[in-house]
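**Q** Checked TrEMBL, it gives:
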ACT_SITE  His238  active site, proton acceptor
BINDING   Arg50, Lys146  NADP(+) binding site
BINDING   His176, Lys180, Glu214, Asp233, Lys338, Lys343  substrate binding site
DOMAIN    13-185  domain 'Glucose-6-phosphate dehydrogenase NAD-binding'
DOMAIN    188-488  domain 'Glucose-6-phosphate dehydrogenase C-terminal'
Amino acid sequence: MVLEHSFEPCDFVLFGTKGDLARRKLLPSLYQLEKADLIHADTRIIGVARQDISQEEYVALVKENIEKFSKEDLCSETWTRFSAKLDYACVDMKNVDSYKTFKTRVDAKRTMVCYFATPPSIFGDICRGLKSAKIIDKSMRVVLEKPIGHDLESSKVINDQVAEFFEERQIYRIDHYLGKETVLNLIALRFANSIFATNWDHNCIDHVQISVAESVGIEGRWGYFDEAGQMRDMVQNHLLQILTLIAMEPPATLDATNIRNEKLKVLKALRPIDASNVRQNTVRGQYVEGFIKGEEVPGYLDEPDANQESTTETFIALKVELDNWRWAGVPFYLRTGKRLPNKTSEVNIFFKRQPHNLFKDSFTQLPPNKLTIRLQPDEGVEVTVMNKVPSLTGTGHMDLQKSKLNLSFSETFKDERIADAYEKLLLEVMMGNQSLFVRRDEVEAAWTWVDGILAAWEQSNEAPEPYQAGTWGPVSSIALLAREDRAWFESRVGKK
Ligand SMILES: NC(=O)C1=CN([C@@H]2O[C@H](COP(=O)(O)OP(=O)(O)OC[C@H]3O[C@@H](n4cnc5c(N)ncnc54)[C@H](OP(=O)(O)O)[C@@H]3O)[C@@H](O)[C@H]2O)C=CC1
Ligand SMILES: O=C1O[C@H](COP(=O)(O)O)[C@@H](O)[C@H](O)[C@H]1O
């Protein structure tokens, strides 16, 4: 593996080390990086939480998490190296005095990377604490978790709080979808292949579908999720980031500024959805009890801690339009939900039909070519083409068949391990490369558009439509496309 950015030792400080995200994702990802020999021998990982536990207790806790959440068995050699890097500091993150003792745990001579795996409401407290203990310097980097705020206004408050202490070049806003191999491959697919580069606009593309389906419900996170809903939890960040990578113009180079500038232009071109067009362009759903892979699951309002009155959406379908030259008249249909039949994320790009059908004997209407980008699982790229069925007949009559050119990542890259998104992003932060992180103006442009929809929903005062768990959402989502003579492509229905 070639590492372009600096690979220097750092003090990696994990605020909220005992939380769900740190335990399930961040610590196992750091361990995997160690296994791949991608953490500098002198780097230290300092977990921070409120509980007063000993160093030994912390190391034992990390080991337990890695054993529980890593996909592979613990490797004793890796663990010996990794555990030697671990340290723990008990800090009451809201209390500035608490940071004085913390200062003695970090080494001022090394780059400090602070990961805020805490609720955003305490990002400002952490910054103030670090400042009061005189720990902040120009080389420091901070990583902020999503969601940044609840709307544009609150995102500005959070960003302002952090900006008081850190420059934008020091701030790494995580959207873990940007660390997914297949999401990154969108850049390679588009800009390294002339067949796509030259056919990627309103002249050739009829419409685009982005589906991010999950079979899980809200996994014991009712309190958080009910405040957020699927719009803030998934669309404002992950789906819009995927959309920007599909729709952006070629950046001049792959550096952070050029990529982010192009993504921002897409976000600014999103046609507003407001009270005047919200009914035509959006569908909201909430799951009721049903079956996922044959197993009965409760409805959203029957989940533990649920408030029976909740009108939070767990499903969204949207028709999105971009007001720019490339995409004029090309709808992007976005769909995401909890408790759908399976976990599948994919992008389907439907090309325009041929202008004239020479094969009426075989197909009254020639199906369009389709490019499917399977983001997860079974990562890969697939092109649907029309092919002649082999036979003795000449041009008098040709039987055609829809066929697939299929690139499966697991078959093509047999010897490569597909790293978890967080592994990639943590490595990028440690190397100081901001390309895969979201800039403040992107977050704000995304919120500006999302806020319009949220306000229109609030104004309409309509409850989300119920859908049975284990189905593809409310029927209105089918109608969203059907009224334009289109249909969702459900390629992987029933796949485990
Ligand atoms: N969990 C997930 O899958 C995802 C989470 N996120 C985001 O990551 C962040 C962390 O989420 P998650 O791990 O689920 O949250 P948890 O509630 O599980 O953990 C939060 C951590 O923050 C600390 N903390 C919370 N409140 C305070 C406080 N007032 N003072 C000091 N410490 C505090 C807790 O410390 P202590 O242990 O001492 O109580 C805990 O370690 C959130 O912003 C969330 O939105 C984003 C994507 C996915
Ligand atoms: O950020 C989030 O993402 C997960 C889905 O991530 P994935 O990598 O498993 O596709 C989602 O379940 C969660 O609600 C949301 O906060």
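Just so you know, glycine gets a Cβ as well, placed from its N, Cα and C.
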**Q** What's the CA-CA gap between Lys343 (substrate binding site) and His238 (active site, proton acceptor) in angstrom, rounded?
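**A** The separation of the Cα atoms works out to 15 Å.
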**Q** Have a look at the recorded positions Arg50, Lys146, His238 and say which one has the shortest Cα distance to Lys180 (substrate binding site).
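**A** It is His238, whose Cα lies nearest.
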**Q** Compared by Cα position, which of the recorded positions Arg50, Lys146, His238 is the closest one to Lys338 (substrate binding site)?
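**A** Answer for the nearest of the recorded positions: His238.
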**Q** Could you measure between Arg50 (NADP(+) binding site) and the residue listed as 'active site, proton acceptor' for me? Cα positions, answer in whole angstrom.
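**A** With the alpha carbons as reference points, the distance is 31 Å.
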**Q** Which recorded positions of His176, Glu214, Asp233, His238, Lys338, Lys343 contact ligand 1 in the sense of C-beta under 6 Å?
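**A** Result: none.
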**Q** So how many other Cβ atoms are close to Lys146 (NADP(+) binding site), meaning within 10 Å of its Cβ?
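**A** So the number of other Cβ atoms within 10 Å of Lys146 (NADP(+) binding site) is 18.
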**Q** Using C-alpha atoms only, work out the spacing between His176 (substrate binding site) and His238 (active site, proton acceptor) and round it to an integer in Å.
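**A** One finds 8 Å between the Cα atoms of these residues.
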**Q** Between the Cα atoms of Lys146 (NADP(+) binding site) and Glu214 (substrate binding site), what distance do you get, rounded to the nearest Å?
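**A** One finds 19 Å between the Cα atoms of these residues.
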**Q** These are the binding-site residues: Glu214, Asp233. Which one scores highest on other Cβ atoms within 10 Å?
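**A** Within the set of binding-site residues, the most crowded position is Asp233.
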**Q** For ligand 2, which among the binding-site residues Arg50, Lys180, Asp233, Lys338, Lys343 have a CB under 6 Å from it?
**A** Asp233
**Q** What is the interatomic distance between the Cα atoms of Glu214 (substrate binding site) and His238 (active site, proton acceptor), given in whole Å?
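**A** Cα of Glu214 (substrate binding site) to Cα of His238 (active site, proton acceptor) measures 13 Å after rounding.
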